[in-house]
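What TrEMBL says about this protein:
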| type | residues | note |
| --- | --- | --- |
| ACT_SITE | Asp42 | active site, charge relay system |
| ACT_SITE | His73 | active site, charge relay system |
| ACT_SITE | Ser239 | active site, charge relay system |
| DOMAIN | 33-284 | domain 'Peptidase S8/S53' |
| DOMAIN | 313-441 | domain 'MBTPS1 third' |
| DOMAIN | 442-713 | domain 'MBTPS1 fourth' |
| TRANSMEM | 830-850 | transmembrane segment |
Amino acid sequence: MLLLAGEGSSWLRDLKLLHCLERIFFGQKGYTGAKVKMAIFDTGIRANHPHFRNIKERTNWTNEDTLNDNLGHGTFVAGVIAGVDAECLGFAPDTEIYAFRVFTDAQVSYTSWFLDAFNYAIMTNMDVLNLSIGGPDYLDLPFVEKVWEITANNIIMVSAIGNDGPLYGTLNNPADQSDVIGVGGIDYSDHIASFSSRGMSTWEMPHGYGRVKPDVVAYGRDIMGSKISTGCKSLSGTSVASPVVAGMVCLLVSVIPESARKDTLNPASMKQALVEGAAKLAGPNMYEQGAGRVDLLESYEILKNYQPHASIFPSILDYTDCPYSWPFCRQPLYAGAMPVIFNATILNGMGVIGYVESPPTWHPSDEVGNLLSIHFTYSNVIWPWTGYLALHMQIKEEGAQFSGEIGGNVTLRVYSPPYLGEKDLRISTCVLQLKLKIVPTPPRSKRVLWDQFHSIKYPPGYIPRDSLDVRNDILDWHGDHLHTNFHIMFNMLRDAGYYVETLGSPLTCFDALRYGTLLLVDLEEEYFQEEIEKLRDDVLNSGLGLVVFSDWYNVDTMVKMRFFDDNTRSWWTPVTGGANVPALNDLLAPFGIAFGDKILNGDFSINGEQSRYASGTDIVRFPRGGYVHKFPFLDSSESGATQNVLRNPDMTMADSPILGLVEVGEGRVVVYGDSNCLDSSHMVTNCYWLLRKMLDFTGGNIRDPVLFSSSVKQNSPLYMDDNQLPSRRTDVNFSTYSAVLGKELICGSDSVFEIWGTKGYSLQVRGTNRRLPGYSMTNPRRGLNSTVKASNLKHFELTLENRSDSMGNRYLGMFYGDELDMPVLVASHWLVPAIIAATGLVVFLSFWRIRQKRRRRRKGSSSGRYSNL
């Protein structure tokens, strides 16, 4: 995680001066890292290096027969921590260095090597462990669980957060673990370094919300450290920032007398000292800087008088503190919304294991605070040293017109077993302060619901990148969340006046009457049949708008993208494409829409707006009467799409349909074949302008004259036979990665509270279950404040009608603003009851006639007057 950088500047001298002053301060007090055992897991170190006075042991865990560092990475890291050379002075020169060589000269390592080395670190009672490496696989369970074991054995682990910035959702493991001190990088202007990975953590997605990471940031640009043999050099990266913090930790450990260290110091208490002493920076948000820049002297003052206790990090959620509290400060709360989830970390300095005594409690500061309803999910058992506390916040129905602020505290009592020699439980009360902004419920047309539930990412499966032009990042691992790699899009929508909520449960778990548009972007998951049926009804009968951004899907290309993983000794093959097109086609089938399996690349322009189509797919089905935009692109699917396609004179560019807009029933649908123009991970050009026009149409029926030009109107349908549509892979077990296949449909804790643990809004009981208790029924056409009786709402019973049926064609005008050619869902609200009534009458008469025949046998012809009935 090192980035080469230039040397020599005034702030480098200032930093060396600062280090000297801190070293003098701690040195005068006798704190120099003495008797602190520092484990450095890296590329090793050379014996008798002149910059180190206390190399205690060197061990090699690789398959190479050497203890030396031939790359320079491990030596540099050790120099930042404990170097004695005046030109590249370390923080704690008397620290005992234990060099664990876990990387080869070719920068290769295996999980098994780390596991062996971790075991030795535990056996030799290390105090601090620095890991200036990492990766995205937080589900490498042998590694992750061994890190838990490391910290459970009271070893303080410091790790680099990663060099995948400025992208969001790019935290590296193990720095993203709550029991590890994750370190990001800043420059000397206190700006987040461009290379420093950003949060939030993605362990919890798609069904929850990520934690705040990094924990702290430290200087990581142009830092001086030791060369392999002698001399100094300057490097940049979070690999540099991590040993800066590790060196500070060694100094802080030496503050505590050796006999009392294990009683006071542990991974939680050290993190408490660092985050509570950190200086919050003015510009970055919490998912960029964590608690802020480490402050060695402030942390020293906290640790000097430390008493074991539990705390919550972050300890404050303030909607008025922007940009630090982004994204929460960007969108206020309002009644009727999906719960807003804030995921905080519980730090338990009282013991390696702790317990939550009773459920957390919300204490509003005044009567207005009772408008806030909070449900909590949390760790009942806190181990090792840390747990989580998630707040699921909703505004009650009586707050639908409220505008203002709500304040108060959430409290949580934690206890741990007595320490050695103690008799009583250790008990602590944690406090989380809340200051929230509330606004009246916005109009339906401005409310957008983002589908997170149907997103699958790496790990655990091989989910390939969305843009096949990207060579250095083969996996889709950034979370695909509004607040990770789609954070710029989220900010744009807020600036445009839209309110964007997140759905982490199936599509049966939201009330369509509340939203103008459902936004589906880059989705890899399958769909329950109930979801398909409900969405069909939501669009046709409830006026819900639907916007879909797809991505490439080509089985032949996926097969060519497989590779052999040396670490797991197995072949890895993509389980789906950039998007799960076969599943999307099932979802869109009721509207006569389908995507194909081409992989299209090229530049195009709409109304002067230049855009890049990067590994997108084509539209192969679309109904007559809709509007379809086509552009000439290269199709790289036949080339395998694993290499850049170079155009030659023999290659032709055919017009391919990529954008379609149509009105269906009471709703409107827009589909587009590429999501890379919304995803900030590998974006070439953005298409935010296009998204705004789509939402104007789906939410408010505002038609852009260019997008709805008569020249692109479909006079005949696009159609492809079923057997030509993209098919699912049969050689992979998709259910391993799916939350749908083989699973039960259930609404999770990110749904509105009233339907937690249910199947959601049933299609069969629309009249009652759709309306939440205590909420008025809103007429989508009249606006938010108009209420009508449920019986007055227009509702169609749905039947599937063949396209060639003349009766079906007669009903087209009732469903679509323009004449369409597609499988039609027709209204039969009078016909079905009439048939049922007639059938019932025939059955009744049949039973009556049988009864009369029996009576005639007993009473002769007295009932003959009824014979004409």
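Here, residue 1 is simply the first one shown, and the rest follow in order.
Every residue, even glycine, has its Cβ placed from backbone N, Cα and C.
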All-chain count of other Cβ atoms within 10 Å of Asp42 (active site, charge relay system): 25
Cα separation, Asp42 (active site, charge relay system) to Ser239 (active site, charge relay system) (Å, whole number): 10
Within the domain 'MBTPS1 third' (313-441), residues counted as helix, strand or coil by DSSP: 11 helix, 67 strand, 51 coil
Active-site residues compared (His73, Ser239) - highest count of Cβ atoms within 10 Å: Ser239
Length of the line joining the Cα atoms of His73 (active site, charge relay system) and Asp42 (active site, charge relay system), in Å: 7
Predicted model, mean pLDDT over the domain 'Peptidase S8/S53' (33-284): 96
